[in-house]
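Listed in Swiss-Prot:
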DOMAIN    5-72  domain 'J'
REGION    21-47  region 'Disordered'
COMPBIAS  24-34  compositional bias 'Basic residues'
COMPBIAS  35-47  compositional bias 'Basic and acidic residues'
ZN_FING   139-217  zinc finger
REPEAT    152-159  repeat 'CXXCXGXG motif'
BINDING   CYS152, CYS155, CYS205, CYS208  Zn(2+) 1 binding site
REPEAT    169-176  repeat 'CXXCXGXG motif'
REPEAT    191-198  repeat 'CXXCXGXG motif'
REPEAT    205-212  repeat 'CXXCXGXG motif'
Amino acid sequence: MAKKDYYDTLGVPKNASDEDIKKAYRKLAMKHHPDRNQGDTSKVSEDKFKEAKEAYEMLSDAQKRAAYDQYGHAGVDPNRGGGPGAEGFGGFAEAFGDIFGDVFGGQRGGAQGGGGRQVYRGGDLSYAMEVTLEEAAAGKEAQIRIPSWDDCGICHGTGAKPGTKVATCTTCHGHGVVQMRQGFFSVQQTCPQCKGSGKLIPSPCVACHGVGKTKNNKTLEVKIPAGIDDGMRIRSTGNGEPGTNGGPPGDLYIEIRLKKHDIFERDGDDLHCSMPISFMTAALGGEIEVPTLAGKAAIDIPEGTQAGKQFRLRGKGIKGVRSSYPGDLYCHITVETPVKLTEHQRKLLKELDESIKKGGAKHSPSEEGWTDKLKNFFGA
């Protein structure tokens, strides 16, 4: 039987963003979670839950998603070295502690730790960093302040009020999970009493409220690679929120936001700028200087240059993070009309205008076509 399209499984279009995919998965996971579907409909919900989990695992991974978009299910076939493959109830139980574990009695993030206490991966953090075009092109090293969680100095990480002890959970007997029977099957779920920790704190620490950790801030060195573009993300492994019960910490994602530049606009590896020239230079030609990220460059303006003319400077753009060569710089010509003319200047321009008209020659590439259109319009 052919597998259902992963995008159809989650109910999202093929151009869906990572956030849209995550939201769709959360919605389906909560709808079909075993805790909410028991009895006759449990098997159907179980299958839908597993389908949603498999689709999310594929589409939330950039490399797997790219392979799937290009080759379909064959690109992520486990027999070819990728994909999730078929799962027994071990993988199904593992999914219980996924990204929505907090909804069903766990912590953020998640994995499941065998037959012992539930362990959960910490949540990911995001940080928006603004960089200038010059910094994006050349790369930079920066320091950022991010939240960190350290052992509470009062209870030393136990979560219990000094002088009191942590008790073993009487519901799961310290395992962090309880067994739930569904027909012939037995499925593990997070203990609702201790939320998977396997322990209870009768007298929580007043400083950390029983968490065992306090929130602080730390300075992190970040290397911005040369050529990075707006919207790209840098992953800092292990600098997210802490895990629970010995689980690994989450990651920090630094999202790059490119500041608006006074001169250039970026389009991939190419740069664009508007270059104003006088109408005398446009008519007679000449050499002008144009700005580049590396300094000044010269452009020869041929006589008769029209507004909107585009000049290309090869290799004067940006070398992207995945590019072998830098892009180009495109200079778009605008012709400026002089203002605040003196009487003498006005007289000279009028003489020039009359001289051109008397000559009878067409001095604009669009003039002949425009004149013919006017004659046809007025029936001349």
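Along the chain as shown, the residues are counted starting at 1.
Cβ atoms are placed via backbone N, Cα and C, with glycine included.
Values in this document were obtained by computation on a predicted structure and should not be read as measured data.
Highlighted in sequence order, GLY153, ILE154, HIS156, GLY157, THR158, GLY159, ALA160, PRO204, VAL206, ALA207, HIS209, GLY210, VAL211, GLY212, LYS213, THR214 have their Cβ within 8 Å of the centre of the Cβ atoms of CYS152, CYS155, CYS205, CYS208, the residues recorded for Zn(2+) 1, and are not part of that set. Within its own chain, the repeat 'CXXCXGXG motif' (205-212) has Cβ neighbours under 8 Å at 151-155, 157-162, counting only residues six or more beyond its boundaries. Around the Cβ of CYS152 (Zn(2+) 1 binding site), the number of neighbouring Cβ atoms within 10 Å comes to 19. Helix, strand and coil content of the zinc finger (139-217), in residues and according to DSSP, is 0 helix, 35 strand, 44 coil. Put plainly, the binding-site residues CYS155, CYS208 were compared by Cβ crowding within 10 Å, and the winner is CYS155.
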